[in-house]
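What TrEMBL says about this protein:
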DOMAIN    59-210  domain 'Yip1'
TRANSMEM  70-89  transmembrane segment
TRANSMEM  101-122  transmembrane segment
TRANSMEM  134-156  transmembrane segment
TRANSMEM  162-184  transmembrane segment
TRANSMEM  196-215  transmembrane segment
Amino acid sequence: FAGLADVSISEDIPVEGEITVPVGSHSPDEDYSTLDEPVKDTIMRDLKAVGKKFVHVMYPKKSSALLRDWDLWGPLVLCVSLALMLQGGSADSKDDGGPQFAEVFVIIWFGAVVITLNSKLLGGTISFFQSLCVLGYCVLPLTVAMLVCRLVLLAGSGTVSFIIRLIVVIAMFAWSTLASTAFLADSQPPNRKALVVYPIFLFYFVISWMILTFTPQ
């Protein structure tokens, strides 16, 4: 354990969620532990932490809030939701179906892993799971775009519908890209930021294209 003495955590990185421990116990037997708290309190604390990360994505700014207390619950929920909404689509060809659940799920997670590995190989200072957390949470705007597109398609699939969906998808694509780069840019060497941003651009572009070209059966 001698190596643990050199470990330090930056003080300017905020911590998400409620992790404070009540004070007032004076004996070791009376010390509070999260293992003793009700399951409801644990779930509510985690939900609040996930909700705060969603807020950080919707109002992106240069911050390490998503990096300090990373989790993969939010990205998992967004990925499953997006895959479910994209399931059951039909392409122009009668022989080819639209993206199915497993295909969307694999594309999102495999793409995030490739971007993370690229970032690490270029000298990124964040961990593997921190990068997956940011990339996954920044899918939130595109998930909102998919929901809006599904609602628009209920009214019809004409030219007006396509224009509305195009505007929404472009706006949410830009939002996802800017949000992810706002969190990840500072963790990359200054002369290699473009090499990191380009794969992120392609990653969200592919997801946006799947959303834009989706048509229900």
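Including glycine, each Cβ sits where the backbone N, Cα and C put it.
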With the transmembrane segment (162-184) as the reference, find which of 70-89, 101-122, 196-215 contributes the most Cβ pairs under 8 Å.
196-215
Under an 8 Å Cβ to Cβ limit, what residues of the same chain, 6 or more beyond the ends of the transmembrane segment (70-89), are close to it?
46, 49-50, 53-54, 97-101, 104-105, 108-109, 112, 127, 129-130, 132-137, 139-140, 142-143, 146-147, 150, 207, 210-211, 214-217
Pop the mean pLDDT for the domain 'Yip1' (59-210) in here, whole number is fine.
81
